[in-house]
4 protein chains.
Amino acid sequence: MKGYRLLVACLDQPGIIAAISHVLARNGCNITSFDQYSEGPAGLFFMRAEFDMVHHSGDFDHEKLISEFDRLALEYHMQWRLTERDRAHHLAVLVSREDHCLNELLWQTERGDIHAEISVIISNHEDLRELAEHFRIPFYYIPVTPAQKAQSEEKLHQLVRDYAIDTLVLARYMQILSEDFVSQYPAQIINIHHSFLPAFVGPKPYHQAYERGVKLIGATAHYVTAELDAGPIIEQDVHRVDHRHQLDDFKRIGRQVERIVLARAVKWHVADRVLVYGNRTVVFPI
Amino acid sequence: MKGYRLLVACLDQPGIIAAISHVLARNGCNITSFDQYSEGPAGLFFMRAEFDMVHHSGDFDHEKLISEFDRLALEYHMQWRLTERDRAHHLAVLVSREDHCLNELLWQTERGDIHAEISVIISNHEDLRELAEHFRIPFYYIPVTPAQKAQSEEKLHQLVRDYAIDTLVLARYMQILSEDFVSQYPAQIINIHHSFLPAFVGPKPYHQAYERGVKLIGATAHYVTAELDAGPIIEQDVHRVDHRHQLDDFKRIGRQVERIVLARAVKWHVADRVLVYGNRTVVFPI
Amino acid sequence: MKGYRLLVACLDQPGIIAAISHVLARNGCNITSFDQYSEGPAGLFFMRAEFDMVHHSGDFDHEKLISEFDRLALEYHMQWRLTERDRAHHLAVLVSREDHCLNELLWQTERGDIHAEISVIISNHEDLRELAEHFRIPFYYIPVTPAQKAQSEEKLHQLVRDYAIDTLVLARYMQILSEDFVSQYPAQIINIHHSFLPAFVGPKPYHQAYERGVKLIGATAHYVTAELDAGPIIEQDVHRVDHRHQLDDFKRIGRQVERIVLARAVKWHVADRVLVYGNRTVVFPI
Amino acid sequence: MKGYRLLVACLDQPGIIAAISHVLARNGCNITSFDQYSEGPAGLFFMRAEFDMVHHSGDFDHEKLISEFDRLALEYHMQWRLTERDRAHHLAVLVSREDHCLNELLWQTERGDIHAEISVIISNHEDLRELAEHFRIPFYYIPVTPAQKAQSEEKLHQLVRDYAIDTLVLARYMQILSEDFVSQYPAQIINIHHSFLPAFVGPKPYHQAYERGVKLIGATAHYVTAELDAGPIIEQDVHRVDHRHQLDDFKRIGRQVERIVLARAVKWHVADRVLVYGNRTVVFPI
């Protein structure tokens, strides 16, 4: 029994759920999960459905379903995407020296809590090569210098192509990707920023948080856009601190928040549970 | 523009969302919110939809919609319920001496955060009469003694009828209602228990929690069933305590958790966001 | 048995706890609670002790204790303060139109969860007069216009003097006090800002938060200083939101966070549990 | 500069802080951290101090300090303990098949977030041998059968002696140690139970939680005593679940809570931040 995920975004209009579910029903699809969100009376409509092919399976039905959806999409001006539930989602994880976020992703993908495969690990330092090798994942060292930035990014593009990467995860990758690079992967690059954005944009957020004397520190997973730390937020969380916590404690506690927040964001992203519109996200979490 | 809420529960089966949404669409209903949950492949199907009547309105359409749903219900063996969004939901709040939960419900209903009306306040003590009167809500003092329990409950029944009560809320009402009484209001009596159930069932849960040396204390809002503190849970939350907190601190901190948890449960219940099956609840919160 | 609270701040130096506790011991004081915090090896020392006068009581001992502390303070360059535990702390609460924060403070002071007395309620609107009167607390309407700001603040000063106010609480008081006014009450004015500072400084933070698409909204209680929303933070907390929450939901959920955060900050402040240094606070909470 | 930690427990009595801090001061100890807790007027007194030897160092001072404390202990009927801050704390981690708790302890001890050394890993299964070997930690496979329980525990005792183990950590070790074994390590065996105790004592707590329909699941780290899952609680935490979470989701989410709760408990325990009295703990966390 084959499973699929259908994502739809369009302007809200009467009868749209009926139209979509009717196409699914008459093609032998049994909806197992259905999430929908409409914003305002004349607003946007977002939908995510999981369904199984119950009666038959095979390519024929698949093509018929797709062609019917194409017609529906024209009629309702829908953006839509159909993905096979069991298709492996390929991640490239970019890191610098810190291992906690990478560790969490390795651990959760390996045990299946995140349904994705880390196809390649890329770093501007050699520090985490051994960790990658222990998990038998190809590791590429791509140093980044101001002079050679374009060249480094060209190597990144090449790896994305070579490994058929779906999503790049910046797991404490302490480099800023160029606007040109970023623009080629819309909603395909996830970053973990070590603050509760939009507080403490930019470098050294824990220093900033410590200086300000905050009582909670946080982390933010977001899609990367041209503007630094300003892309659509996928997930955020915080942890309590107090006056006894020094900068090192902020970093230590923060590491726990970072890896959990990033892992959640990646888990939802690879399961097609995140839809982007403007600078916001609709997240149907589990 | 009239708004409605439709609740459906049945065995899951292919085409059910299509069938329901089709009926809604051809009767001029525009779905504004749609939540669905299916448990397992051969499992249960739960649905909650909010919709507006866009094309026309009036009694005729309403009756046609209902008759079409009656037919659908037969075909799919559905349980269903249709409620008008703007119909006032009438609450009877039962209290003893503690005012914090009642206060919260008064405050949230008055400012419209909970879309319901407290029609009557009933107590086995006189302490909270003044509070009720300040909010201009009828207050009834019904003392409860073992000898006169049946008589007291008869008065309760009478008030429920007189005020057309939809739901009874036990807001720290320190009396146990009889099995017979409870059985007449299935999923219509909400209690707040001052512990994280199933820990500390029964009387004096804060004493029990303090004795056990727990590091979190909680509260549980649940539907009342014949078995004490064992009904379907609607909402739970906790707050951190430590060794410095004495029994009085447990009670003080607990009061904050109790009133928040109870208010959430009532808010969701009166908005038809809670569905009960067996001893569990499906909650579509906001 | 009389209870006292002793607060000390100075440079850390060997023997300081011994010296202080020795003075307390030989004056018949039994320490019931002792919190201390030292920042770094050559850093600052903060201390809070609660003690009972066990052997004797009366003015004579009190004066002797004070004179011994005066000597100690000279020797160790200490700042210190001794307060009677049972002395009533007088609050002036300033509000505009929103009642949720005021309500919480009224409720918690009345039932003794916050050990303080609301001596006067001051507003630039008439809306909350009835609420104040229900609690039998003097209410003053002081309109604020740009032209008459100085005059309004003079009236505020007068009320602070008339009611022997210890602390001003801005419980959603939507006016900015002048730098001159603020400078006269260092660490004596507490404000609740409806965002997780330093995110969303200034007006309409919920609008800002909604625009940014954050996944948590927060509130911050802080001492007011000349710089807007930049004073020492006493307490912060957050609550989860998602794409389904519109601006009104942000405000509704935010109200819950605001009143809880403000009540905690006031509770700790009036119990001398907050020490300010630079732009930071040491908080010994309970 | 040598650092020490001093732990004291006794009946509360006037002058005790003065007496202790005086001994420390005149032996050249500079207190860097001081936590104290007194329970009730005629109750118990608990204290934890960290101090540096500032003036001199060396064995002579150390012995003088100890002999002075011995005298003080007699006078005040104190239980006390002095530990060197830099002495390595040796852990034996006992596991079965699940790796998440062990992984977390390995990661946090390796990077120094937990100041301890995992000296040996012991299991009743072979599954985690490879993980142990990757971290170059001795791994012992000790199968447990009802018939050979005494023999298995004898091997455990031997390893504790061989590796000079300070604390045994049961990191999802699915075996119940005998009363006799447990009695030999009071407050030296830490277990992680995968529920919010005292809810769901015993086996399969996630099944129990799922059946009961709770809205939060938790984990509890506690010292092991003769009575199952009833020892003094060190730390607890919870995570939200809802109707969409099936048993496998409970386990998945629970694993995150378990490893964080256990790591916190071990971190505090090895830093002498946990004091036990009766069935309760005083925890001075950081």
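Residue positions begin at 1 at the first shown residue.
Here the Cβ of each residue, glycine as well, is placed from N, Cα and C on the backbone.
Here TrEMBL flags B:5-87 as domain 'ACT'. What TrEMBL records for B:ASP229 is active site.
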* Under a criterion of Cβ-Cβ distance under 8 Å and sequence separation of at least 6, what residues of the same chain contact B:ASP229 (active site)? -> B:ASN191, B:HIS193, B:LEU197, B:PRO198, B:VAL201, B:GLY202, B:THR220, B:HIS222
* To do: Could you tell me which three-state DSSP class B:ASP229 (active site) falls into?
  => coil
* **Number of helical, extended and coil residues in the domain 'ACT' (B:5-87), per DSSP** => 29 helix, 34 strand, 20 coil
* Structure fact -> Mean per-residue pLDDT in the domain 'ACT' (B:5-87) works out to 87
